[in-house]
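Peer 1: Quick one: the structure is below, and I'll ask about it shortly.
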Amino acid sequence: MAINYIYPEYEVVRNYDRCISCRVCERQCANLVHHYDTKRGKMICDESKCVACHRCVALCPTRALKIVKSDHTFKENANWTGEKITNIYRQAESGGVLLASMGTPKNYPVYWDKILINASQVTNPSIDPLREPMETKVFLGHKNDKIVRDQYGRIKCDETPQLELQVPVMFSAMSYGSISYNAHKSLAMASKKLGIYYNTGEGGLHEDFYEYGPNTIVQIASGRFGVHPDYLKAGAALEIKMGQGAKPGIGGHLPGAKIVGDVSKTRMIPEGSDAISPAPHHDIYSIEDLRQLVYTLKEATNYTKPVIVKIAAVHNVSAIASGVARSGADIIAIDGFRGGTGAAPAAIRDNVGIPIELALASVDKRLRDEGIRNDVSLVVGGSIRSSADIVKAIALGADAVYIATSALIALGCHLCRSCHSGRCNWGIATQRPDLVKRLNPEIGSEKLVNLIHAWQHEIKEMMGGMGINSIEALRGNRAMLRGIGLTREELDILGIKHAGE
Amino acid sequence: MARINAQNQYYKDLNKLIRSCGESDIELDNVMGQRFIACGMKGKNFLIHGVPGNALGAYLDGSSIEVTENAQDAVGDTMNEGRIVIHGSVGDACGYAMRGGRIYIRDCAGYRAGIHMKAYKDKQPLVVIGDAAGSFLGEYQAGGTIIVLGLKQNGKPPVGYFCGTGMHGGKIYLRSDYPPFDLPPQVSCREAQKSDLDDIRVKISEFCSIFNMDKEEIMSKHFLVLEPNSANPYKQLYTNI
């Protein structure tokens, strides 16, 4: 019926003066937007299939293509936007839940952009990172509350297992299945070169990547896919996934169509069968139950690896984090509601959870107030977009950050938010061999290394500007931050002053 | 063989002692609620006297465990390989996400037994429960086999509520005259065919010999087979934007 007709959101503009009908765009587009019309002797396109991923634009040898947002519009209405109207058409047609990918595109406040960083002038000299040593190394894990010495009086450092990071950044959980083999390989190789860690997500660890074990965090989610003793032993740390910022309170579901070949083998479920990770772990209904899983993992690995508990940033996150800190977890990872996902119901992604900045500030304060901040390290994610975001996160109290979307962008992701289709033209969120091979892990890992090195340099510059030469001295140093355009309430929650105060 | 007295030992100390013990055959006396016994262990044989605590044999990787009394929650959680025998009953979430090996329970299992059980190629986990299981048996089951014999149930379904909710793989065999009244839509129930009965016969032989039960008498009663209607129960739920 005509009422279901949805005008394409993007238009493909082709400059026919430049187009040489080489058909690269046709070959590159897994969404089948372009094709060659032999009768008319020219390239034509079906823009209704276009997801604005820019693959064709980037590979067009004559720069004949661009993607523009359509100016086709409904009668303007601030309440009933075109998006709201078309979503109703879609759901009235299918009866299905709206499925979306990546972090919410909605216009929620980004507090990072409303926080400014301090610098020294005159009295406390700034430091030049080019000529003076600057320490960006951090250790994540439970810290003993008192110093223990051996018989020779030397400090014993290895009382509790720690993760050692050369830069306070880790690649956060993305499962093999949600992203490709080559994407995983790029992350693994980069982590090794950078002296940091990547995270398997809940889809198990491909046998080829066991060699990257010392730089791997293995995840355990409710579905326990690909979880067995060798997997636990392979990782440098174990992460229990309780929640994800993009979809707090709901679980994961990798459709059977993506459970093919090695994905099936790595998850240890038959090809074509759905991989269902429900929201709750059905053996965890309390902090005591969580403690049981934490200690099951510690016992299974002989207390040699730190255990991370990952939770989504939700309204009572500080009380929850306080409980988690008492569960025996060594590290708490908090994922903010702008965090990415390979697939989530849009209603959840766009409406559930709270921003990571507020969650972090409130958790850090709560743990300090309760005197248990040093029992755990705090890792935050959920849209860390730049080195400045990292500096602000650390000054708000984080030990390190988790990045995923930024890492994928470094690998070529253009944030078209169509991961759930499985037709990623950049070879990242797909299992189609012809698409996967478009991502070269050697080049991909190099780009990741470049990004983190660039950020590390910027972090050092900003630290130097503040007169701080060790990232440890920046952690929780909220005096280095000022809010801009924030209300008294927001400033109170963030625990910072307003600019000019 | 090593014999360890667990009396008044904290679980951490007891498990440390077990891990450092070089023997492959280990007998534990006076166990009373110590958790995580034999967690992740490979190539050992445990004989346990007393009631072990939660997560007995979690991540078990090919050891054999025999408990002469009851056991508590999370027996064989995410077990990979091996055998666990319980001469009594177990608590909740027994065999959670079990992916290989066998668990034999002489009497009853609590809630959520066999939840998230999975199978892949030669890894085919099996749970046999002699009498009855609580609610949510085989919830989200993705593979493997659960057999509930209802030996003291006089033909009533030997399961609680919501049996097999979210099931999308594997099989549940119930020795019962009629199906549970509240089977969820994802689960289909049918009479056991000859091939099913042959399968059951093979799968309960070890159980019967361990607990000295008469296999033919067990097989003489009526069996039902619960299977998922689809390997993709959530397929139709989404609309792409």
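Keep in mind that glycine also has a Cβ here, set from the backbone N, Cα and C atoms.
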Peer 1: Going by TrEMBL, A:Cys50, A:Cys53, A:Cys56 bind [4Fe-4S] cluster 2; tell me which of A:Cys22, A:Cys29 is listed for that site too.
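Peer 2: Record check against TrEMBL: [4Fe-4S] cluster 2 site with A:Cys50, A:Cys53, A:Cys56, extra candidate from A:Cys22, A:Cys29 is A:Cys29.
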Peer 1: Expressed to the nearest Å, what is the distance separating A:Cys56 ([4Fe-4S] cluster 2 binding site) and A:Cys25 ([4Fe-4S] cluster 1 binding site) at their Cα atoms?
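Peer 2: Given the Cα positions, A:Cys56 ([4Fe-4S] cluster 2 binding site) is 5 Å from A:Cys25 ([4Fe-4S] cluster 1 binding site).
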Peer 1: Could you put numbers on the helix, strand and coil content of the domain '4Fe-4S ferredoxin-type' (A:10-39), residue by residue per DSSP?
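Peer 2: Across the domain '4Fe-4S ferredoxin-type' (A:10-39), the residues distribute as 5 helix, 9 strand, 16 coil.
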Peer 1: Cβ within 8 Å of the [4Fe-4S] cluster 2 site's Cβ centroid: which residues qualify beyond A:Cys29, A:Cys50, A:Cys53, A:Cys56?
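Peer 2: In sequence order, the nearby non-listed residues are A:Val12, A:Cys25, A:Gln28, A:Asn31, A:Val33, A:His34, A:Val51, A:Ala52, A:His54, A:Arg55, A:Val57, A:Ile67, A:Asn425.
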Peer 1: Please list, in sequence order, every residue of the chain apart from A:Cys19, A:Cys22, A:Cys25, A:Cys60 whose Cβ lies within 8 Å of the Cβ centroid of the [4Fe-4S] cluster 1 site.
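Peer 2: Surrounding the site, in chain order, are A:Arg14, A:Ile20, A:Ser21, A:Arg23, A:Val24, A:His34, A:Met43, A:Cys56, A:Pro61, A:Thr62, A:Ala64, A:Leu65.
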Peer 1: Does DSSP give A:Cys56 ([4Fe-4S] cluster 2 binding site) helix, strand or coil?
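Peer 2: It is helical.
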Peer 1: For A:Cys50 ([4Fe-4S] cluster 2 binding site), what is the secondary structure state per DSSP, taken as helix, strand or coil?
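Peer 2: DSSP call for A:Cys50 ([4Fe-4S] cluster 2 binding site): coil, neither helix nor strand.
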Peer 1: Out of A:Cys19, A:Cys22, A:Cys25, A:Cys60, the binding-site residues in the record, which is closest to A:Cys50 ([4Fe-4S] cluster 2 binding site) when you go by Cα distance?
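Peer 2: Result: the closest of the binding-site residues to A:Cys50 ([4Fe-4S] cluster 2 binding site) is A:Cys25.
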Peer 1: Which residue, out of the binding-site residues A:Cys19, A:Cys25, A:Cys53, A:Cys56, A:Cys60, shows the minimum number of other Cβ atoms inside 10 Å of its Cβ in this structure?
Peer 2: A:Cys19
Peer 1: In this structure, which of the binding-site residues A:Cys22, A:Cys29, A:Cys50 has the fewest other Cβ atoms within 10 Å of its Cβ?
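Peer 2: Least crowded of the binding-site residues A:Cys22, A:Cys29, A:Cys50, by Cβ count within 10 Å, is A:Cys22.
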